[in-house]
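Database features, via Swiss-Prot:
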{"type": "ACT_SITE", "residues": "E187", "note": "active site, proton donor"}
{"type": "ACT_SITE", "residues": "E267", "note": "active site, nucleophile"}
{"type": "BINDING", "residues": "Y82, E128, N186, Y332", "note": "substrate binding site"}
{"type": "DISULFID", "residues": "C194-C229", "note": "disulfide bond"}
{"type": "DISULFID", "residues": "C625-C633", "note": "disulfide bond"}
{"type": "CARBOHYD", "residues": "N25", "note": "N-linked glycosylation site"}
{"type": "CARBOHYD", "residues": "N96", "note": "N-linked glycosylation site"}
{"type": "CARBOHYD", "residues": "N246", "note": "N-linked glycosylation site"}
{"type": "CARBOHYD", "residues": "N463", "note": "N-linked glycosylation site"}
{"type": "CARBOHYD", "residues": "N497", "note": "N-linked glycosylation site"}
{"type": "CARBOHYD", "residues": "N554", "note": "N-linked glycosylation site"}
{"type": "SIGNAL", "residues": "1-22", "note": "signal peptide"}
Amino acid sequence: MPGVVRLLALLLVPLLLGSARGLHNATQRTFQIDYRRNRFLKDGQPFRYISGSIHYFRVPRFYWKDRLLKMKMAGLNAIQTYVAWNFHELQPGRYNFSGDHDVEHFIQLAHELGLLVILRPGPYICAEWDMGGLPAWLLEKKSIVLRSSDPDYLAAVDKWLGVLLPKMRPLLYKNGGPIITVQVENEYGSYLSCDYDYLRFLQKRFHDHLGEDVLLFTTDGVNERLLQCGALQGLYATVDFSPGTNLTAAFMLQRKFEPTGPLVNSEFYTGWLDHWGQRHSTVSSKAVAFTLHDMLALGANVNMYMFIGGTNFAYWNGANIPYQPQPTSYDYDAPLSEAGDLTEKYFALRDIIQKFAKVPEGPIPPSTPKFAYGKVALNKLKTVEDALNILCPSGPIKSVYPLTFIDVKQYFGFVLYRTMLPEDCSDPTPLSSPLSGVHDRAYVSVNGVAQGILERESVITLNITGKAGATLDLLVENMGRVNYGSSINDFKGLVSNLTLGSKILTNWEIFPLDMEDAVRSHLGTWGGRDRGYHNKARAHSPPTYALPTFYVGNFTIPSGIADLPQDTFIQFPGWTKGQVWINGFNLGRYWPVRGPQMTLFVPQHILVTSTPNTIVVLELEHAPCQDGGPELCTVEFVDKPVFRTVQTHRHAN
């Protein structure tokens, strides 16, 4: 406590030095900074926010109100959200603001519940989200310098902000909405460039669209170099840090860049992110609560990142360098679990908050009920190779050398690369990616015989066998673009040449695969079992690997039972790695042999009681029924999430 008192004394010094700014105009709603007394003013009255992060793009719209109400009942008076550009503009000029993408409705819903909103519209957001929220199609300009004053980048950003920010303007606090502050960029000091022209460009565009009086801010880590590049005059500089940080040092660093004004931790970490193959990250409730208490005792404004993490459905997860993709779950060990459940951490933080602010009275919405629907048998349907006419109805693109995903306008998912072996490989011959050009994972086969896997940065050579003229296929998976640091220009596919022995492989056929359309529209026309020359050859595949294959099954939820359907979790006993859809909804990636995530969250709104629910699994390596009957090939619905880490090896799985 003496340290807190000493820091408080240091921080009060500017009261004698500052000049009064941000005076209240009683005729309108205002949210301003009182630089004289180091605080925010809301409608002229002192105000301190206690906020939590929630990402609308990681929580189904069906559950927005439930999660927001739980946040309010914890004592929060504000929520913070990013806006993920690529979530709204998946293809250039084609915008989606409906359904789960309706950010305006999300913000309005927070307003209706009495929550203020701290908006972080990027354009870059990090967030462990694919490419940090930047759309992959920006990479069609191969030399583009992202997050800079590169003219190509600024032109795209300018157009996007011209679409997004006018939608946000009516939702600003001054206009009757809940948005009190708006962040410019995101932790820009951590990026390779220190481009003040870029920040000034954003500052001007935000003012153009939102007004000169909007309160703009930046966020950077507690490091002087980071703040030097991330802060800009006219943008209020805030910091972010984790439990256990020295508060005196952290806030004095903010004071170096903002001598007066409120103390703000824009990202106080309640947990941490996961990577495939690593232990599930946890942070003790005691540590989070202790530091939160001390920050609130100082009068600081705090946003807890995350208050609920949510889910990276489909292909939306990001990755870090050295290449480490994040899993489907973004649980984050947050106060509300991935499924929105109340945790011990939730109540620990609520107890701290109520010492400093009024916590709403009344019942807290309970954790949603979960149901274990049990095991569901799946039948083998088709391999990816056998379904090419459905997955790529327009046929392949031909090129002497490999093309990237961006070259063929495939932004997510999978591309199959095909060529012919130029010579006999009777003895095992190295298929190599000398420049680690497989981004990110290639499932290799010769004439329908699975050979093994090439993996970015870890497995760059694989011995294969086959006759001259045999078909060499590589199904390449985009496992998520890098979302942080200097490597966010993350091209996918075969980004450099492959060699067989000493020869460069040429004359490729490239199949961009539309998995979503095939799963949603053509499932019933796929026919029965595999057929053709592949069948005989598959018997000789290495036992660890098989061709990437689709499996399908159905299960029925009784319609006469009250409160069904309910949320559930799906697990994959005996399966290896792949993608799963339920009723056409892409739940995301499973990889139980790597962990730590063993189950995938299944929200109730994608389930039905009127007809059977259809499960489609794309197993990329080896299914439990690969060598046995379909009765061995099951998935299981359970009522609790499971996280654990399995020992991994660089050469397998």
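Each Cβ is built from the backbone N, Cα and C atoms, and glycine gets one as well.
A map of Swiss-Prot features onto the structure.
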residue : record                      : DSSP (3 states)
Y82     : substrate binding site      : strand
E128    : substrate binding site      : coil
N186    : substrate binding site      : coil
C194    : disulfide bond              : coil
C229    : disulfide bond              : helix
Y332    : substrate binding site      : coil
N497    : N-linked glycosylation site : coil
N554    : N-linked glycosylation site : strand
C625    : disulfide bond              : coil
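Cα of N96 (N-linked glycosylation site) to Cα of Y82 (substrate binding site): a span of 16 Å. Reduced to three states, the DSSP call for N96 (N-linked glycosylation site) is coil.
Nearest to N554 (N-linked glycosylation site) in space, judged by Cα atoms and limited to the recorded positions Y82, E187, E267, is Y82. Counting only the Cα atoms, the space from C229 (disulfide bond) to N497 (N-linked glycosylation site) is about 37 angstrom. Checking each of the recorded positions E128, N186, E267, Y332 against N463 (N-linked glycosylation site) by C-alpha distance, the shortest gap belongs to E128.
With the fewest other C-beta atoms within 10 Å around its C-beta, C194 stands out among the disulfide-bonded residues C194, C229, C625, C633. Considering only the recorded positions E128, N246, Y332, C625, the residue whose Cα is spatially closest to the Cα of N497 (N-linked glycosylation site) is E128. Neighbour list (E128 (substrate binding site), Cβ cut-off 8 Å, at least 6 residues apart, same chain): L273, N312, N317, G318, Q326, Y330, N483. According to its DSSP assignment, N246 (N-linked glycosylation site) is coil.
A simple way to gauge crowding: the CB of N497 (N-linked glycosylation site) has 15 other CB atoms within 10 angstroms, across all the protein chains here.
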